[in-house]
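To start, the structure itself, in structure tokens.
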Amino acid sequence: MGDKFQLIHDVSPGTTGWTVKVVVAEKFSPRVAQRSPTKYQNLTLMDSEGSTVQATLYGQNITAFQDELLLGKTYLISNALVKETNAEYKAKSGEIQWTISGRTRIRRVEENNSNLLISTYSFTDFEDLPKYMDSNVDISVIGMIIDIKPRRIIQTRFGKECQVQDLVLVNKRFDTVLLTMWETFVDNECKYICQNLRKKLILIGKHLKVTSFNGLSISTKADSSFFIDGEFELVEEFKSWGHTNSEIIDNMISEKHYLTSTPSKLSSKLSVPTAEKDFTEIKNIQGLKNCGKASVKVLNQTYWYMSCNNCNKISSENYGDIYPCVFCKCTDAKAIPRAKVYMQLTDPTGYINATAIGNPAEYFLQSNAEILMNQTLIPTAASMRLSMDEDEIFYVKAITQELSTDCKFEILFIVNPSQIAGDKNTGKAPVEHIGEPIKFLEPTTKRSLFHSDTDDAQSSKKKCDKSTIEITKKNQ
């Protein structure tokens with residue numbers, strides 16, 4: 001980028017006559033200030049040494065400069081207002097902020113500084129995503145966009161309606177993951193992606209988080225930023241890989257298995273406790289406080305519910321009906337069955353009632369939702385026993401409910417540690433069930449330990465406590 005210009009750290013409040021050559025490293029969506037109607041937009045600018053500064057545009061300057069400061073391009077900037085950062089408009093750490101206005105001189109420089117820009121990224125492999133689940137740690141990813149789901153509307157616990165849309169990303173090992181785009185990303189990035197989906201765009205995302213929605217997925221944050229088909233060597237390499245493996249990728253898109261399960265490879269990276277002390281006692285999950293392994297009792301119930309195929313919310317429609325969903329506002333939603341199982345987990349310290357929905361329920365019941373739906377006659381008088389793999393580990397999230405100190409408990413994953421370790425042990429542990437035995441017509445052919453579409457899209461916004469319980473053999 002040259003060294004005859006000042007660097008970012010040379011410019012401070014009161015500095016005059018300066019010119020800095022910078023590349024636009026990040027460009028965030030415009031936002032409205034929390035305590036005023038002021039609209040603002042933050043950018044991250046980077047100099048040749050990799051130092052960065054936050055630049056902010058306000059009001060009408062956002063529209064005026066939208067074609068002047070393009071993501072990934074290089075500019076000479078001078079006469080910006082340099083001041084200490086206002087916390088209300090602050091996007092990143094740092095004490096200095098530049099304000100871009102009509103008095104700021106900006107000149108485009110035809111240089112390719114993509115290598116400098118990409119060197120600041122540290123990409124998280126899809127297999128490592130479980131390490132950061134619900135931690136709110138910033139991650140960066142790269143992947144090919146192979147599908148995009150319909151836009152849907154969700155309601156937050158504060159009563160605000162938000163629009164979200166899911167992308168499907170694939171990496172070079174053919175692992176897939178959902179990336180949920182929120183609000184302005186739906187209007188901007190998702191709109192462009194929908195128009196160019198056939199091109200198999202390469203997405204680079206920064207400042208993302210890993211959530212336990214959909215079993216395991218990635219979600220945008222307020223300060224997330226994206227390069228879509230950016231001018232990077234890494235992107236060209238990815239496109240070349242896509243061209244070489246186009247037949248495999250096209251088959252993935254056609255079969256759409258990724259819409260119902262997260263690749264089982266990811267389960268090998270889930271943290272599996274090995275020592276007794278690593279497991280959480282049930283009374284500690286409830287916020288109390290001491291030991292033991294747990295048994296599981298399946299309570300009498302119906303093992304499925306009819307749901308919207310777009311948002312998983314409950315539906316009163318008949319199977320296969322096309323209808324307008326009142327929850328996600330999808331006008332052509334389809335009514336489909338979804339598995340659920342309500343169970344009681346018990347150890348020497350106490351018990352909790354927990355629910356598994358979607359794939360964890362199918363894994364536990366060894367069947368899929370459609371088969372469960374077809375078995376509508378389940379008498380409630382007799383008793384039975386199901387079987388489950390020995391030493392199953394249940395990953396449980398405790399979600400604080402509104403206007404209450406109580407928690408509800410959701411089973412996110414059910415993992416067999418011997419399967420993760422490659423052990424083919426087929427030992428079974430009995431599970432007590434109240435009701436008549438279910439005669440499964442066939443086991444589900446593709447069961448994922450990892451993917452569980454949550455039926456409450458706003459639950460990630462609530463305070464939660466994730467705990468691990470080991471379910472072991474119950475003495476008969």
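Note that Cβ sites are derived from N, Cα and C of the backbone, with glycine treated the same way.
If you look up TrEMBL, you'll see 4-99 marked as domain 'Replication protein A 70 kDa DNA-binding subunit B/D first OB fold'.
The feature domain 'Replication protein A OB' is assigned by TrEMBL to 133-228. Residue counts for the domain 'Replication protein A OB' (133-228) under DSSP, split into helix (H, G, I), strand (E, B) and coil, are 15 helix, 54 strand, 27 coil.
The region 'Disordered' feature in TrEMBL is assigned to 445-476.
What TrEMBL records for 465-476 is compositional bias 'Basic and acidic residues'.
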*asked:* Considering every residue in the domain 'Replication protein A 70 kDa DNA-binding subunit B/D first OB fold' (4-99), what is the mean pLDDT value?
replied: 87
*For the domain 'Replication protein A 70 kDa DNA-binding subunit B/D first OB fold' (4-99), what does DSSP give as the number of helix, strand and coil residues?*
11 helix, 40 strand, 45 coil
